[in-house]
């Protein structure tokens, strides 16, 4: 830095950068207001900057321009978008029409005649808006309950035995090992005879 007459030159605009407005990145100096993505002009900081040669980008634009090409452009599920990067000079590939490979309705009758699957508990038709799959079978949301206590279940909290679904507590009491505690842990010890 010169002793008199200002500071280093900004890597973006070329003007003098004084200490109070200085941002340093990759050995270069920038004005705070010039430390912007080369494409979208977003303000950058040390956690959002990505450098390519002498150019600075936000991580999103850098990924679109230099990252792997494909669904989501490698940014993670939280930032998926439909921007194909045309303004970066990226030529979009011609889109192929989507053709589903399988019908999500597994019932052969339903596939052939357009009907709905039957609920494993009540036997009535289960339509997509109210369908839950548990133990590999369709259920109404209201029927997706423990067969013993009636507690609502989730696909991660159920256990299945002989085609019926149970909460973990009822399953342990009715089908688990018999004896001290019924297999529920020390907090629920009960002596069985």
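Each Cβ is built from the backbone N, Cα and C atoms, and glycine gets one as well.
Here is what Swiss-Prot says about this protein:
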DOMAIN    10-61  domain 'LIM zinc-binding 1'
MOTIF     64-69  motif 'Nuclear localization signal'
CROSSLNK  91  SUMO2 cross-link
MOD_RES   112  N6-acetyllysine
DOMAIN    119-170  domain 'LIM zinc-binding 2'
MOD_RES   131  N6-acetyllysine
MOD_RES   137  N6-succinyllysine
MOD_RES   137  N6-acetyllysine
MOD_RES   161  N6-acetyllysine
Task: Model confidence over the motif 'Nuclear localization signal' (64-69) (mean pLDDT, whole number) - done: 75
- [ ] For the modified residues 131, 137, 161, work out the Cβ neighbour count at 10 Å and name the residue with the minimum.
- [x] 161
TODO: With DSSP as the reference, give the number of residues of the domain 'LIM zinc-binding 2' (119-170) in helix, strand and coil.
DONE: 6 helix, 20 strand, 26 coil
Open item on the list: Just to verify a number: CA distance, residue 137 (N6-succinyllysine) to residue 131 (N6-acetyllysine), in angstrom, no decimals.
Closed with: 10
Task: Counts of helix, strand and coil residues, the domain 'LIM zinc-binding 1' (10-61), according to DSSP - done: 9 helix, 19 strand, 24 coil
